[in-house]
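Q: According to Swiss-Prot, the record shows the following:
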ACT_SITE  His94  active site, proton donor
BINDING   Phe28, Ala62, Leu63, Glu64, Ala86, Val87, Val88, Asn119  5-amino-6-(D-ribitylamino)uracil binding site
BINDING   Asp91, Thr92, Arg133  (2S)-2-hydroxy-3-oxobutyl phosphate binding site
Amino acid sequence: MGTSSDIFELDPIYQGKGLRIGIVMSRFNKDICEGLLSACETELDRLGVAREDVLLVDVPGALEHPLALQKMAQSARYDALIAIGAVVRGDTYHFEIVSNESSRGILDVQLETGVPIANAILTVDTEEQAHVRMAEKGRDAARVAVEMANLLKRL
C-alpha cells in the first residue's frame, strides 16, 4: 500500500503457513453455516494454513460464540479465531438482541485477550440474503484471520 508521505507502512501478509486457527461455528441455521465454513476452509487452504492447525468447535447459536471464543483465546493455542454463524431476522426483537450481543461479546473477547477474531456471523433479513453472501463472507473471514494474526506478530 503506497502512501503520499514518508511514513513507513506495514503491508498485509496473507501467508498462513504455521498459523493456528480456531473456528467456532453455530449449529443454528446449519446449512448457511456449513456454506460459510466451506468457503472459509477453502480460503484457509489457499493461504497455506495446514488442516491440522485448524480446530472447529460447534456451539448452539450466536450467543454462545463469545464464551467459546474466550476460552480458546485464553488457551494461547491460537494465532487467530473465526466466528461462523447466521442470524436471520424473524418477527420479534430477538434478532436485534442476538445480533448486537454476539457482536459485542466477540469484540470484547478480542480486546480482552489480544487474539484477533474474524466475525463471519451473518446478520440478514432473509435466508436468501445469507445464501448470496455466505461464500464471500467465509473467504473474507479466512483472509481477515490470517492478515490480523500476521499483523499482530509484527507489532
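Cβ coordinates come from backbone N, Cα and C, glycine included.
Note that the structure is predicted; figures quoted are calculated from it, not measured.
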Q: I'd like to confirm something. Which of the recorded positions, Asp91, Thr92, His94, Arg133, has a Cα closest to the Cα of Glu64 (5-amino-6-(D-ribitylamino)uracil binding site)?
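A: Smallest Cα separation from Glu64 (5-amino-6-(D-ribitylamino)uracil binding site) among Asp91, Thr92, His94, Arg133: His94.
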Q: When the Cα-Cα distance from Arg133 ((2S)-2-hydroxy-3-oxobutyl phosphate binding site) is computed for each of the binding-site residues Ala62, Leu63, Val87, which gives the smallest value?
A: Val87
Q: Specify the secondary structure state of Phe28 (5-amino-6-(D-ribitylamino)uracil binding site) as given by DSSP, simplified to three classes.
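A: SS state of Phe28 (5-amino-6-(D-ribitylamino)uracil binding site) = coil.
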Q: Given the 5-amino-6-(D-ribitylamino)uracil binding site residues Phe28, Ala62, Leu63, Glu64, Ala86, Val87, Val88, Asn119 in the record, what is the largest Cα to Cα distance, rounded to whole Å?
A: 16
Q: Under a criterion of Cβ-Cβ distance under 8 Å and sequence separation of at least 6, what residues of the same chain contact Phe28 (5-amino-6-(D-ribitylamino)uracil binding site)?
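A: Once residues fewer than 6 apart are set aside, Phe28 (5-amino-6-(D-ribitylamino)uracil binding site) is near Pro60, Gly61, Ala62, Gly85, Ala86.
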Q: Per the record, (2S)-2-hydroxy-3-oxobutyl phosphate is bound by Asp91, Thr92, Arg133: how many Å separate the farthest pair of Cα atoms?
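A: In whole numbers, the farthest two Cα atoms are 23 Å apart.
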